[in-house]
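K.L.:
Quick one: this structure, given as structure tokens, is what I'll be asking you about.
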Amino acid sequence: MVTRGPVGLSAVAQDRRRAAFWFLLPMVVAVLLVAGWPLFRTAWFSLTDARLDEAAPGAFVGVENYALLLRDPEWWNAVRNTLVFAIVSVTIETVLGMIIALALNEKMRGRGALRAAMLIPWAIPTVVSAQMWGWMLHDQAGVVNAALLGLGLIDQPIAWTADPDLALWAVVAVDVWKTTPFMALLILAALQLLPGEIYEAAEIDGLGPVGRFFRITLPLIRPALMVAIIFRALDALRVFDLMYVLSGNSAATASMSVYARQQLVEFQDLGFGSAAAMGLFAIVAICTVLLVTLGRVRLGGAEDAR
Amino acid sequence: MSRRLKRQIGRVLFVLLMVAIAIYTVFPFAWAIITSLKSGSALFTASPLPIPPAWDNYVATFRDRPFGRNILNSVIVSGSVVALSLALGLSAAYALGRASFRGRGFLLATILAVSMFPQVAVLSGLFELIRWLGLYNNLLSLVFSYLIFTLPFTVWVLTTFMKELPKELEEAAMMDGASPFIVLIRVFLPIMGPAMATTGLLAFIAAWNEFLFALTFTLTDEMRTVPVAIALISGASSFELPWGRIMAASVIVTVPLILLVLVFQRRIVAGLTAGAVKG
């Protein structure tokens, strides 16, 4: 970046630049220590046969762990679970969040109270929401089964979290409940920045509410919406708590994070577990690039524009 | 006439939608409170109200497990990591937000990337580091490892706020010969107060709710933080989970959070959008 402004200020600017280094140093050191170095070590472990329960450093085995990983059907099962979970939950959250945000954007009584209520699921710890829903979806005593039985929609209780065909959808349901409000609040913030005059013009042009939404609202909030979707998608790809608490290490719901941690901590297989962790890292990186390119989003774009 | 009727029906449907949204968001937690006040066999009846309320679940939570200690652990860990992140974050945001230098854009992009990468990817490297430092099963391991998500977030949001402040702010002080450190403490710290409160609150909630590291880096019940303690409450067998107690513990740790969030809701929404939309 080129120095701007009159000559008198450039001395100050230079002073600042020198000072900036020292002000940045502690943060940079901390990030390198807590993220950079561990990531490097994980990458290194993934090329060895190190074990967590042995003090001896593992021997270099090349890409053997990765070869094993790619041949493990349980890994691919975890990849599939994670991708299905991420795509389905983020899609539902975006659509529902949009509906809620549009509704909250209307002037009406009780809007403030409803917006406050939306923050409740967001603030509740994921573990707690998983337990709450685990109880509501309990096969014998759960309120969901009781309600469905009472309404005559089902004949016998359903084992939502134990049935392998349903468990993943139960996890999706909990995630949708917990994070839709976050999505709605972000979309609402974008909606409130839109100038009202555009809509007046559209009304004169005879656009109906649906036309207005697709022709005006959606294109205008698209940048903010894409950023929110990317944040949510990356969050969903590393999901761990929900699956772990709702159904343990069960293969029916195991995400990539659950799989990697199980190899690493429960089976003490540091090398193989690290390879799985790097696999997850690679998939997250690919998804980020895909989303950013397809969504034509410039993260940090505001920076360069200055 | 029919147009007015149509309008009226629209309004009714809209109100119904609002009510449905409100029930959907609030019901699960309300049900957790109701369950926590039932004991014994009452738990397995779907009766809507616990009359009279039974408090034994709350008593048992503190009596049979070190739950008080778990809460204290969570407060210590979250409080320390927030203080540390704010100190490092404010200093970094001062540099990133007020000075222009080469590599600034790269640094910000890296910070954003760190805040988004999966925690599992650093798990084994962190595990080794924490064991080497002798911090396994120690709260310090959590204070240290939580920096990976609180610090990038804090830096990012504080930088956003810092950039919006007028340029003239520190120039007068600088011309008077004040050092950058003095300017940061005397000029920016007071103005950044509200922004730091918002950021700190969001970082606190993130640290309070963290599960993966807390599960992996602590071992004994006394060192557990609240989310792990709640996840690991178990009964005589896995088929007999003490749901009443799980709900009581859940309510205890969630009520303060909800109160905080409701009191600071405007700030929180502002902070969330500063972190995401403007980013």
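Quick reminder: no glycine exception, Cβ is built from N, Cα and C everywhere.
All annotation found in TrEMBL is predicted automatically rather than curated by experts.
These figures come from a predicted structure and were not determined experimentally.
Sharing the record's features from TrEMBL:
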TRANSMEM  B:12-34  transmembrane segment
TRANSMEM  B:71-94  transmembrane segment
DOMAIN    B:71-264  domain 'ABC transmembrane type-1'
TRANSMEM  B:106-127  transmembrane segment
TRANSMEM  B:139-162  transmembrane segment
TRANSMEM  B:183-208  transmembrane segment
TRANSMEM  B:246-264  transmembrane segment
K.L.:
For the transmembrane segment (B:183-208) and the transmembrane segment (B:106-127), does the number of C-beta pairs under 8 Å, pairs 6 or more apart in sequence, reach 3 or more?
P.N.:
no
K.L.:
List, by number or range, the same-chain residues at least 6 past the transmembrane segment (B:71-94) whose CB is under 8 A from its CB atoms?
P.N.:
139, 142-143, 146-147, 150-151, 153-155, 158-159, 161-162, 180, 184, 188-189, 192, 196, 199-200, 203-204, 207-208, 223-227, 252-253
K.L.:
Do any residues of this chain, six or more beyond the ends of the transmembrane segment (B:246-264), have a C-beta under 8 angstroms from a C-beta of it, and if so which?
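P.N.:
Same-chain contacts beyond the ends: 29, 32-33, 35-36, 57-58, 60-61, 67, 71, 74, 197-198, 201, 205, 208, 226, 229-230, 233.
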